[in-house]
Structures are given as C-alpha cells and as structure tokens.
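**Student:** Before I ask anything, here is the structure I am working with.
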Amino acid sequence: MASKVISATIRRTLTKPHGTFSRCRYLSTAAAATEVNYEDESIMMKGVRISGRPLYLDMQATTPIDPRVFDAMNASQIHEYGNPHSRTHLYGWEAENAVENARNQVAKLIEASPKEIVFVSGATEANNMAVKGVMHFYKDTKKHVITTQTEHKCVLDSCRHLQQEGFEVTYLPVKTDGLVDLEMLREAIRPDTGLVSIMAVNNEIGVVQPMEEIGMICKEHNVPFHTDAAQAIGKIPVDVKKWNVALMSMSAHKIYGPKGVGALYVRRRPRIRLEPLMNGGGQERGLRSGTGATQQIVGFGAACELAMKEMEYDEKWIKGLQERLLNGVREKLDGVVVNGSMDSRYVGNLNLSFAYVEGESLLMGLKEVAVSSGSACTSASLEPSYVLRALGVDEDMAHTSIRFGIGRFTTKEEIDKAVELTVKQVEKLREMSPLYEMVKEGIDIKNIQWSQH
C-alpha cells in the first residue's frame with residue numbers, strides 16, 4: 001500500500017504547476033530536479049513555437065526516470081565509485097556488491113537466477129548479442145533463423161546481417177491483429193533452425209504475443225527461443241521458465257530507469273551458448289567485456305524493484321487512462337481505428353489511425369503533445385510504418401497513425417488535454433479534406449475511378 005501512495009504522490013509532484021508549492025515539499029532532491037516552469041508563455045522548439053512544455057505521451061520511446069531510482073543512483077555515485085572489477089580493496093568490493101544486488105533485483109523481476117543476468121548497454125546490444133551470438137556459435141550445424149516482420153529494427157537488421165554471412169532467415173507474417181500464427185511458426189521450423197526470435201510486446205502497437213505457446217513450440221523442436229522484452233518487463237508479468245525462453249533482452253529506460261543500461265538473460269539449464277560481440281577483460285562471465293556502469297546498473301536494479309512492487313497498481317491506473325483516452329476520442333470523432341489486438345495488448349500503448357487525415361500534418365498540429373507515429377528508432381522516416389503494413393493496414397491509414405504512450409506518472413488531466421487537442425486538430429484537418437466531405441455525402445471513395453492527367 002505504501003508504494004501506491006508514494007507513486008500517486010510523485011505523480012502529483014511531477015505534474016503540479018510551477019510556483020504553486022515550495023521546493024521544501026518535494027519528496028527528494030531528484031523530484032526537485034524535475035521542476036519545470038509550466039507558466040512560460042511559449043517555447044521555441046526546432047523552429048516551432050508552442051505554448052509551454054508539451055504533454056509527454058511517448059512512453060514507448062522512453063520513460064522519465066523515477067525520482068526514487070535517481071536517489072538510489074545518486075547515493076551510489078557518491079559512495080560506490082570504485083571499479084566493480086577491482087577485487088583487491090574495499091572500494092571495488094563495495095561497487096561489486098552494488099552491482100550484484102542490482103543483478104538480484106533484475107533476476108527476481110523475471111523469475112531467473114542472478115547468474116543468468118548479463119549487463120549490457122541496452123536492448124539493442126542485447127538483441128545483437130543474442131541473435132548474432134547464438135548463430136555464430138552454432139554456425140557449423142545451424143544455418144536458419146525465424147523471426148517476424150514486426151520485430152524491432154535492431155533484430156531485423158541483425159538478421160539481415162546474418163543473411164549477408166550466408167545464413168537463411170524466415171520472416172513470419174503476422175495476422176491482422178498483430179499476433180503470430182502459431183501453426184505457421186511450427187511449420188517454419190527446420191532441422192537446421194538455430195534460433196526463433198519474437199518480441200514479447202510490440203513497441204509500436206503494444207500487442208502481447210502468446211509467449212508460453214511460442215516457447216512450448218520451440219521446446220518441442222529443441223530450438224532456442226529469444227525474445228525482445230524491452231517493452232514487457234515491469235509492465236506485464238514475465239517468467240522466463242513459463243515462457244521457455246533461452247535468451248531475453250531488457251532495457252532500463254523503458255521502466256523508469258536510466259538510459260545506457262540493459263541486460264540479456266542467458267539461460268544456464270539447459271545451457272545456451274553464444275559468441276560474445278566484444279573481447280577484452282572477460283567481464284560478465286566472458287560474454288560482455290568492459291567495466292560495468294555501476295550507477296546505471298544500480299538504477300536498473302532499483303527500477304526493477306519498484307516494478308515488482310507497483311506493477312499491479314500501475315496496470316490499473318494506466319488501464320483507466322487508456323480507456324479515458326480512447327473513449328474520449330471516439331465520442332467526438334468517427335473513423336478512429338485501433339491498430340493491433342485490443343484483447344492481447346499492453347494497456348500503456350494505444351496506436352490509433354484517423355481516417356481522412358494526413359499523418360505528418362496531424363503530428364505537426366499536435367506539437368503540444370509529445371507523441372510519435374511509431375518506433376523512435378524509425379520515426380524520422382516519412383514512409384508508413386512497416387509494422388502497420390505487416391498487419392495489412394492500408395497505406396493511407398498507416399500514414400495517419402499516432403502512438404499514444406501512457407505511463408506511471410501520466411495524469412487524468414493530461415489525458416483530457418490530449419483528447420481535446422487531438423480532436424481539435426483532426427477536425428481542423430478534416431475540414432480541409434475533400435475526401436472527408438465526399439464520405440459525409442455517402443460517396444464510396446474506394447470505388448471512384450480517378451482520371452489520369
């Protein structure tokens with residue numbers, strides 16, 4: 001119960017307008033550091049002037065660091081500054097103990113052994129290490145990888161890199177709801193399949209894959225199963241044993257921890273082998289050489305500890321906000337489509353397409369709300385999302401998609417404001433759309449034969 005009260009208090013603290021309370025009422029120096037002047041008349045951002053700081057609804061790209069995580073990191077920075085790999089003096093031992101405590105915290109969150117946790121720089125490195133590392137180690141007998149068309153770019157690019165080396169890759173399509181066809185997966189497995197890599201929660205559409213069923217299929221065929229769980233840990237219950245995963249990638253900054261640190265779960269029994277990407281001092285059981293980033297690792301552990309305590313409360317809070325956002329938009333707008341399954345979905349992700357609206361114009365018009373049109377790694381591209389195309393979404397609807405990311409510190413007031421601004425901008429753009437006028441008049445625009453010029 002105490003953690004619920006703390007989380008709610010921090011939510012109010014981080015979103016309360018500047019000037020309405022004094023610094024002495026902050027919970028910590030970390031909370032005080034987040035103080036922002038929301039009363040600024042306007043802010044110039046990349047040549048665009050907006051009225052004050054935008055609302056932050058891009059939690060799949062990254063989350064704000066939890067002040068309690070920051071406090072843990074700050075204390076560690078002051079007191080545990082030794083090299084965790086220095087085994088000859090107290091300062092090294094203190095730093096090593098801090099790292100091992102964090103390793104335990106991460107392991108508990110996913111029901112693993114601390115000896116199965118390898119700290120890395122983030123999920124991208126973990127994905128590269130898993131996909132390339134396994135296939136390189138077993139290259140003499142295993143030449144085939146299975147993944148899906150909706151994976152994160154770093155997994156897809158790792159697979160393409162393997163193809164250039166002579167490996168074969170099967171890119172499974174997904175159903176219109178974003179879920180994997182289990183029979184298609186079963187049929188794709190070959191005697192020389194060395195790895196199946198399927199993400200647990202999709203970063204763009206929030207779809208949660210049937211992990212236990214996928215893991216069971218892989219186990220039946222004795223094929224290692226890797227999952228990118230960057231969007232899953234701390235948000236949905238994760239159990240590596242129930243999922244039958246051999247490798248799992250994780251990231252701290254998706255769960256209110258620091259950027260620059262993540263982990264790869266590497267199963268010990270039955271043992272999975274992989275070739276390291278980097279060579280050096282042999283840290284992290286020889287799988288990831290280099291001096292560990294003690295304070296980031298401490299922050300990762302603290303974030304995992306908080307996630308264990310607050311996941312259920314967070315899920316209920318965020319679910320209510322998701323429903324508030326979706327209902328609020330649909331009450332005032334027609335032609336709003338949810339991309340991806342609503343039955344098997346992480347509640348903090350709401351990917352919506354707005355018919356008869358040009359996507360880039362909608363994003364630019366929503367400059368007072370920090371949202372995205374897809375993955376932060378590819379959102380600079382003007383091409384429609386490859387994830388939505390894989391779902392069979394029409395190109396025009398894929399172009400109009402907006403991903404709303406809701407999190408632990410999001411408030412009802414922010415959701416209401418986001419609804420207001422979104423509805424206002426969509427209505428404005430539709431007023432300028434001749435296609436929308438034709439639809440309102442009952443014309444089926446898909447059957448129109450447009451003249452060639």
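Each Cβ is built from the backbone N, Cα and C atoms, and glycine gets one as well.
Pasting the relevant annotations from Swiss-Prot:
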| type | residues | note |
| --- | --- | --- |
| TRANSIT | 1-34 | transit peptide |
| BINDING | Ala123, Thr124, Asn203, Gln231, Ser251, Ala252, His253, Thr291 | pyridoxal 5'-phosphate binding site |
| MOD_RES | Lys254 | N6-(pyridoxal phosphate)lysine |
| ACT_SITE | Cys377 | active site, cysteine persulfide intermediate |
| BINDING | Cys377 | [2Fe-2S] cluster binding site |
**Student:** Taking the Cα of Lys254 (N6-(pyridoxal phosphate)lysine) as the centre, which of the binding-site residues listed as Thr124, Gln231, Thr291 lie within 10 Å of it?
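**Tutor:** Qualifying among Thr124, Gln231, Thr291: Gln231.
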**Student:** On the Cα atoms of Ala123, Thr124, Asn203, Gln231, Ser251, Ala252, His253, Thr291, which are listed as binding pyridoxal 5'-phosphate, what is the maximum pairwise distance in Å?
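**Tutor:** Per the listed residues, the maximum Cα distance equals 30 Å.
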**Student:** Taking His253, Lys254 as the recorded positions to compare, which has the smallest set of other Cβ atoms within 10 Å?
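**Tutor:** Among the recorded positions His253, Lys254, the sparsest Cβ neighbourhood within 10 Å belongs to His253.
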**Student:** To which of the binding-site residues Thr124, Asn203, Gln231, Ser251, Thr291 does the lowest count of other Cβ atoms within 10 Å belong?
**Tutor:** Thr291
**Student:** For a quick check of understanding: among the binding-site residues Ala123, Ala252, which residue's Cβ has the most other Cβ atoms within 10 Å?
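**Tutor:** Comparing the binding-site residues Ala123, Ala252, the most crowded Cβ belongs to Ala252.
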